[in-house]
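Encoded as structure tokens, the structure appears first; notes follow it.
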Amino acid sequence: MIAFIEPFLASKSLANNSQQSYRYDLRQFCQQVGQRINPETLALYQQSLSGLTVAAKKRKLSTVNQFLYYLYQQRVLADYFKMDDRIEASFSLKPQLTRLDTSAFYAETAFLKGQLIALLILELGLTPSEIAGLRLADFDLGLQVLRLQSHRGIRVMTLSRTLLPFLERAAEAQQLYLFDHDAKPFSRQWFFNQLRDFLESIGCAELSAQSLREQFILNEKAAGKSIIEVAQLLGLKSPITLEKYYKM
């Protein structure tokens, strides 16, 4: 089925960002169902989306349903299949924060800068402003640490093995800043734009820098870090703003 993805995309008038999203979602779908498309495999695929947000589920189901219709039109499939993409969002007075499946953040992408920005927030809890000020000299990739200096002092942060390859690729450039614009940092808006484009490309347009930072907090809490330890990692004066995450 993977062989039909590119002809399908060519049959549609899609912006580059949307095309990247469609391609990613369809490859993921084909890898999961293989050559067997039937009610059982589609039900298993739909079940695999249970950990995603409502917006992400609807996007993926819509993309796959369009692909299934295309395969039927091309007589690749003898029967027309369509998954129910009517998803009821659950509402509550207090939004429930849950840990997300972030495997898509590490997959191959054309949006390398946006991907690295997202991973720095997700894995280190950095803000776009902090990322803008990062210099290559702040990183010791051999020791796998980042030394982040601010008016509150120096924070030493451990770089995970999963993050390291992305930083090594970025560090190959001979420049001052990690994200360098003629030896000057880019504007905050540039960082938000890069992040937005990457998130849209993996079907997570509803996420933001703030929600990725919340994922960092939830992941650190799940790893057993205390509220004080997480506050220190984030460079906060007080852990008060983190209390809502620890009362969940």
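Every residue, even glycine, has its Cβ placed from backbone N, Cα and C.
For reference, Swiss-Prot has these:
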| type | residues | note |
| --- | --- | --- |
| ACT_SITE | ARG213 | active site |
| ACT_SITE | TYR245 | active site, O-(3'-phospho-DNA)-tyrosine intermediate |
| DOMAIN | 1-72 | domain 'Core-binding (CB)' |
| DOMAIN | 92-248 | domain 'Tyr recombinase' |
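Within the same chain, the residues at least 6 positions away from ARG213 (active site) whose Cβ sits under 8 Å from its Cβ are ILE121, GLY125, THR127, LEU234, listed in sequence order. In the predicted model, residues of the domain 'Tyr recombinase' (92-248) average a pLDDT of 90.
The residue listed as 'active site' falls within a helical segment according to DSSP. Across the domain 'Core-binding (CB)' (1-72), DSSP classifies residues as 56 helix, 0 strand, 16 coil.
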